[in-house]
């Protein structure tokens with residue numbers, strides 16, 4: 001308590017307190033507009049706050065206005081008014097202290113007495129007078145006053161006006177401490193921005209840290225970004241800031257997942273020369289990794305490596321799994337080695353990520369090495385790690401190691417899951433280890449897992465592929481009994497197996513079950529039919545085709561044609577005709593190749609009954625070539641045109657771009673047939689028209705006076721004989737009528753036709769000498785030979801060869817049924833030249 005004897009002024013740094021004390025002798029205070037609760041029994045006491053002297057603190061809630069309105073006080077009490085020492089009150093008399101002031105405690109005892117504490121002028125001095133001594137103005141008092149003003153005026157011009165009127169000159173320590181006390185962010189920012197305008201302002205990292213913390217608590221990230229820009233400007237202009245605030249801003253933004261803003265601040269901090277700490281790097285990398293941008297995180301990590309920042313354990317734990325999962329295994333393993341060299345203990349997640357990633361990348365040795373090291377560090381493998389290792393080794397085909405890990409997993413107390421069972425079974429089945437696969441399959445069923453259709457299918461297909469019919473059927477029945485629907489591939493594998501084993505009845509049963517399951521069975525049934533056709537099992541193919549027809553299953557024209565050709569090749573003409581009729585009625589195209597192949601069978605046929613069947617089949621084709629054949633053997637009265645004209649009209653109707661090979665094949669077979677039938681003139685007409693249409697463009701070559709040649713290597717026997725006779729006749733006319741005699745004439749026959757042609761020419765004493773593949777003679781000798789009457793008769797009339805020998809050679813040497821082979825490939829020789 002204070003007892004004022006003649007006091008004019010209450011010092012500013014003295015706090016008024018109200019206490020209910022009967023010892024106090026001070027007059028009572030009536031209610032006022034400042035504190036209406038001040039009434040009767042409250043005594044007016046003044047004491048120094050012990051917080052100032054003991055804790056250097058201040059309570060901002062208690063202060064006295066400059067002109068308090070003390071209602072109900074005596075004149076003496078009303079003279080207790082705050083005044084500055086320089087004030088003039090109506091006279092020239094100074095308003096200083098006139099008498100001593102006694103300081104009392106609550107019991108009324110005198111604590112101290114002396115001259116009153118003189119107030120100071122704003123901005124003129126930073127001390128107070130205690131008697132005649134100067135005493136520094138306490139920081140706690142300054143901070144308390146600043147806080148009082150800020151909390152009252154909050155923000156705006158009025159706040160700045162009040163702060164400008166402070167009786168003391170603040171410094172950055174006062175501002176920093178005030179910011180720590182003021183909890184309202186807007187008020188704190190107003191105080192800070194006022195301080196920035198003052199001449200005594202210096203950038204303070206601590207101030208920014210306090211402000212950023214307040215903005216972060218209020219989730220005002222826009223304000224953080226704005227204040228960060230101010231801080232960057234302060235740093236560039238003064239350069240006195242430390243880097244705590246930079247790092248704190250980036251950490252706040254990273255934890256709030258403000259990716260773009262955080263990275264922008266990170267770049268600006270780097271440009272400002274800020275030293276980024278490890279925690280900031282960690283937070284940024286975690287942000288980018290969580291956002292699915294691992295490569296950006298690695299970019300930050302690389303920039304971290306370039307600085308003096310050291311990786312700590314948390315950074316290793318963060319970056320190694322990310323590098324491993326992104327495929328940068330060498331970098332991840334290098335950091336793993338560094339981590340161990342720095343005596344840091346890797347966590348289980350580091351080991352797990354390396355084991356998993358190395359295994360999936362096929363680096364199984366490294367994966368197993370890390371796995372063994374992990375056990376050396378005392379970590380126990382998890383079920384997930386076992387699954388990853390087993391999966392990696394199984395996919396790599398190292399099934400022995402996979403089984404060892406499988407047993408180790410079960411010994412560790414882990415129960416293999418459904419997927420692991422499936423993987424082990426399928427990997428062993430696909431590698432051909434069906435016994436191991438079936439053993440694990442039975443264990444899977446005992447463990448209570450129902451195998452998936454894919455597991456059943458894998459086992460079924462592998463057993464089917466290995467030809468184990470009984471095991472495949474057992475798995476199929478087990479699958480259907482379990483209520484599972486076999487897949488299309490399973491049905492195809494099983495049907496293929498049954499077809500190869502020639503189990504037609506069982507295959508038909510499976511096909512009907514497949515149809516009942518809702519699958520389209522036409523293609524599968526056709527595939528089975530094709531297997532029988534390729535296997536030359538014509539009887540089984542016909543049986544399967546009848547089953548398909550009775551079950552309403554259709555096949556395509558291509559397979560019908562293949563089966564028809566197989567029947568023709570095996571002499572089953574009775575079965576072939578219905579197939580041909582089916583092909584024709586289903587709008588299937590009977591082309592020139594197919595017709596020619598039937599004609600080829602007719603050429604080789606020596607049985608009259610079969611000839612009738614073949615003629616019936618030729619008629620059933622309804623091909624235009626058959627009408628041509630019929631017209632070719634009729635007389636000119638019925639044709640109403642010469643043979644040559646008739647043949648030319650037929651060949652003009654052929655599309656040579658699409659059917660050139662077929663037309664060449666038809667010429668070869670037709671000439672064989674005509675020669676056998678003794679129709680030499682008709683055969684020569686066919687050859688002439690074929691040569692005119694350039695079906696054999698390189699057959700005849702006139703090399704002026706040097707050499708004339710005929711190449712018959714690509715012709716059938718009949719075509720070669722006709723070509724030789726017709727061409728020699730042309731050579732004779734050219735030499736006798738025009739007098740052009742070449743040096744030599746060659747007949748290029750090849751090894752196959754050489755003997756036949758040589759035998760034919762030897763009957764008329766030809767001058768041609770026989771070599772390996774060519775018959776050649778000088779032009780003058782051939783000229784003399786052409787002058788003989790027998791040669792003229794030979795070239796104009798018919799071929800004097802024995803029909804039985806020619807027929808026998810045609811049966812043996814006739815080309816195969818393939819279109820190009822029929823027309824291009826030379827037939828094989830019947831016997832050697834020595835035999836002839």
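The chain as shown is numbered from 1 upward.
Just so it is clear, glycine is given a Cβ too, placed from its N, Cα and C backbone atoms.
The transit peptide annotation in Swiss-Prot covers 1-85.
According to Swiss-Prot, the feature repeat 'PPR 1' maps to 204-238. Proximity of distant same-chain residues to the repeat 'PPR 1' (204-238), defined by a Cβ-Cβ separation under 8 Å and at least 6 residues beyond the stretch ends, is recorded for 172, 175-176, 179-180, 183, 185, 188-189, 192, 244-246, 248-249, 252-253, 256, 258, 261, 265, 268, 272.
Across the repeat 'PPR 2' (242-276), DSSP assigns 25 helix, 0 strand, 10 coil. The annotation repeat 'PPR 2' is assigned in Swiss-Prot to 242-276.
Same-chain residues lying 6 or more positions outside the repeat 'PPR 3' (277-311) and placing a CB less than 8 Å from one of its CB atoms are 243, 247, 250-251, 254-255, 257, 259, 262-263, 266, 270, 318-319, 322-323, 325-326, 328, 331, 335, 338. As annotated by Swiss-Prot, repeat 'PPR 3' applies to 277-311.
Cβ atoms under 8 Å from those of the repeat 'PPR 4' (312-346) belong to residues 278, 281-282, 285-286, 289, 294-295, 297-298, 301, 304, 352-354, 356-358, 361, 363, 366, 370, 377 of the same chain, restricted to positions at least 6 beyond its ends. Marked as repeat 'PPR 4' by Swiss-Prot: 312-346.
Mean model confidence for the repeat 'PPR 5' (347-381) is a pLDDT of 87. Here Swiss-Prot flags 347-381 as repeat 'PPR 5'.
For 382-416, the entry in Swiss-Prot reads repeat 'PPR 6'. For the repeat 'PPR 6' (382-416), the list of distant contacts is 348, 352, 355-356, 359-360, 362, 364, 367-368, 371, 423-424, 427-428, 431, 433, 436, 447: same-chain residues at least six beyond its ends, Cβ to Cβ under 8 Å.
Within the chain, the repeat 'PPR 7' (417-451) has long-range Cβ neighbours (under 8 A, six or more residues past its boundaries) at 383, 387, 390-391, 394-395, 397, 399, 402-403, 406, 458-459, 462-463, 466, 468, 471, 482. The repeat 'PPR 7' feature in Swiss-Prot is assigned to 417-451.
Swiss-Prot lists 452-486 with the feature repeat 'PPR 8'.
Taken from Swiss-Prot, the feature repeat 'PPR 9' covers 487-521. Using a Cβ-Cβ cut-off under 8 Å and counting only residues 6 or more beyond its ends in the same chain, the repeat 'PPR 9' (487-521) has close neighbours at 453-454, 456-457, 460-461, 464-465, 467, 469, 472-473, 476, 479-480, 527-528, 531-532, 535, 537, 540, 543-544, 547, 551, 553.
The repeat 'PPR 10' feature in Swiss-Prot is assigned to 528-555.
Annotated repeat 'PPR 11' per Swiss-Prot: 556-590, in sequence order. Long-range neighbours of the repeat 'PPR 11' (556-590) within the same chain, counting only residues 6 or more positions beyond its ends whose Cβ lies under 8 Å from a Cβ of the stretch, are 526, 529-530, 533, 536, 538, 541-542, 545, 597-598, 601, 610, 613-614, 616-617, 620-623, 817.
The repeat 'PPR 12' annotation in Swiss-Prot covers 591-625.
In terms of DSSP helix, strand and coil, the domain 'Smr' (710-786) has 43 helix, 14 strand, 20 coil. Swiss-Prot lists 710-786 with the feature domain 'Smr'.
If you look at the repeat 'PPR 2' (242-276), the same-chain residues 6 or more away from its ends with a CB under 8 A from one of its CBs are 205-206, 208-209, 212-213, 216, 219, 221, 224-225, 228, 231-232, 235-236, 283-284, 286-288, 290-291, 296, 300, 303-304, 307-309. Counting residues per DSSP class in helix, strand and coil order gives 31 helix, 0 strand, 4 coil for the repeat 'PPR 1' (204-238).
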